[in-house]
Amino acid sequence: MPLVNVIRGERIADAPLNVRTPIIRVPLWMALAWWLLRGLGVLLVVAARFWWITGPALVFGGLYLEYGWLGPVALVLAVTAICASWFAGHRASFLRFAWYPVLGRVRLWQYRRAWHPAMATARLAVSFDGHTVLPILRKVRCSSGVDVVTVRMVTGQIPEDFAKVAERLAHTFGVRAVKAAPGPRPDLVLLSLMRGDPLAKVVRPLPVPAMPDFTALSVGRQEDGDAYELRLFGTQILIVGATGAGKGSVIWSAVRSLAGGVGSGLVELWGLDPKGGMELGIGAPMFTKFACKDFAVMAGLIEQAAAEAQRRAGNLRGRTRQHIPTPEEPLIVLIIDELANLTAYLTDRQLKDRIKAALGILLTQGRAVGVHVVAAIQDPRKEVLPFRDLFPTRIGLRLSEEAQVDMVLGEGMRDRGALCDRIPQSLPGVGYVVLDGDPTPMRVRFSYLTDDEIRDMAQTYGRLRVIDGDVIDGEAA
Ligand SMILES: Nc1ncnc2c1ncn2[C@@H]1O[C@H](COP(=O)(O)OP(=O)(O)OP(=O)(O)O)[C@@H](O)[C@H]1O
């Protein structure tokens, strides 16, 4: 016999009343009937839950009983004929209302099969109270090349947890890339599983609208295959990319989308090409003012733009918060190719300081008063570009190092799917666009204009007035 007894557990205090549940004797037929009813209930629930299997099975069964094999075969042929003519007649609605919903069901089933191991190996399965708790796979919405999977996170998880293991998930599910974004509710995360690549093909130059929409300039195609529209109103745009990444195509796509306004005088493009006119020179007639040789002239142009921004800000103060362009006071877009030549590599210290001061004013005051900057640069380091944070819209094309991605696009953007360092050299013009305040980077391919197309556009819409300080057509600088 033990000397001391130790018993773990909570002691139940004595209660004034002790109730014993009564034992009721049930006849066997009643118990059997109850189990049968319960079984039928479960069967009905399962049949209703998997209606997309049970429904067609019932219809096929009914037809077979009524007409033999002819019934189901006739139905399959009729459905195929209807789908084929719908597809031929209106492809978009067929895909949206018939094909993608069915595909979504199939993919949901596929992803469910791989879900447990995928969550476990990505460390998204949580161990709690001796159980394994998995995020819940809610639904799959398919579109061209992308499956958007809605996932209910386990308590305590955040979308960032999924973003951090996006690459692992992509390999597990056998897709090109995975992007995680916050869902419509705080407990949901949306995983975009990229299958094909709608951006693999070069995007041809887009039509030029007679009146540009400054809130939505069509400049290329986005990952889901739709047109990508870039906002210019209220922002400044920075383009960063390694050599040959396609910075020129971003600039010319933007110029093309504004060309209608250039022709009508609603938009003035001012061009600075410190690399001697290599990039912008070919379309020089598009620019109202253009400089490519003399750095003092370039500094002067930036100062003019800054002075114009300050003048407009003074006029508009207290009246409106957004300048509306008119032919008398047009939208000015200062386009700078290789900004580092002006902010970092310039040896004339005085000139460099003048440029930095004017750019600072322009970037902070210009965006609300219709004086915008679209600048391209190769090296995103702060020493090279001190004003990085003053560009609310940033475009990261192919970059040479992983660390540069967050440097260009902002903290955590690489984890959220902006894999600029993984863009292959074979995809020039592909990049990620990040808008201030928007947590999701958008993968885009900008349209590509050949030299001849740029020349044609410049001939149709061009209105060059001042080139390197010299006045053409009698207009003043
Ligand atoms: N959007 C695009 N679509 C298809 N091909 C493109 C695109 N943009 C650029 N290219 C191809 O890549 C080449 C390099 O492009 P581009 O000169 O614009 O790069 P960049 O980033 O301006 O380079 P650099 O810094 O050396 O001037 C182009 O000659 C063209 O063949």
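Each Cβ is built from the backbone N, Cα and C atoms, and glycine gets one as well.
Automatic, uncurated: that is what TrEMBL annotation is.
Record features, source TrEMBL:
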- 28-52: transmembrane segment (TRANSMEM)
- 67-88: transmembrane segment (TRANSMEM)
- 222-406: domain 'FtsK' (DOMAIN)
- Gly241, Ala242, Thr243, Gly244, Ala245, Gly246, Lys247, Gly248: ATP binding site (BINDING)
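Overlay of TrEMBL annotations on the structure.
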residue : record           : Cβ contacts under 8 Å, 6 or more apart
Gly241  : ATP binding site : Lys247, Ala376, Gln378, Ile395, Gly396, Leu397, Arg398, Leu399, Gly431
Ala242  : ATP binding site : Gln378, Leu397, Arg398, Leu399, Ser400
Thr243  : ATP binding site : Gln378
Gly244  : ATP binding site : Arg398, Gln425, Pro428
Ala245  : ATP binding site : Leu397, Arg398, Leu399, Ile423, Pro428, Gly431
Gly246  : ATP binding site : Leu397, Arg398, Pro428, Gly429, Val430, Gly431, Phe446, Tyr448
Gly248  : ATP binding site : Glu279, Asp337, Ala376
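Classification of Gly248 (ATP binding site) by DSSP places it within a helix. Proximity of the binding-site residues Ala242, Gly246, Lys247 to ligand 1, judged by a Cβ distance under 6 angstroms to any of its atoms, singles out Gly246, Lys247 in sequence order. In sequence order, Gln378, Leu397, Arg398, Pro428 are the same-chain residues whose CB sits within 8 A of the CB centroid of Gly241, Ala242, Thr243, Gly244, Ala245, Gly246, Lys247, Gly248, the residues recorded for ATP being left out. For the domain 'FtsK' (222-406), the model's pLDDT averages out at 90.
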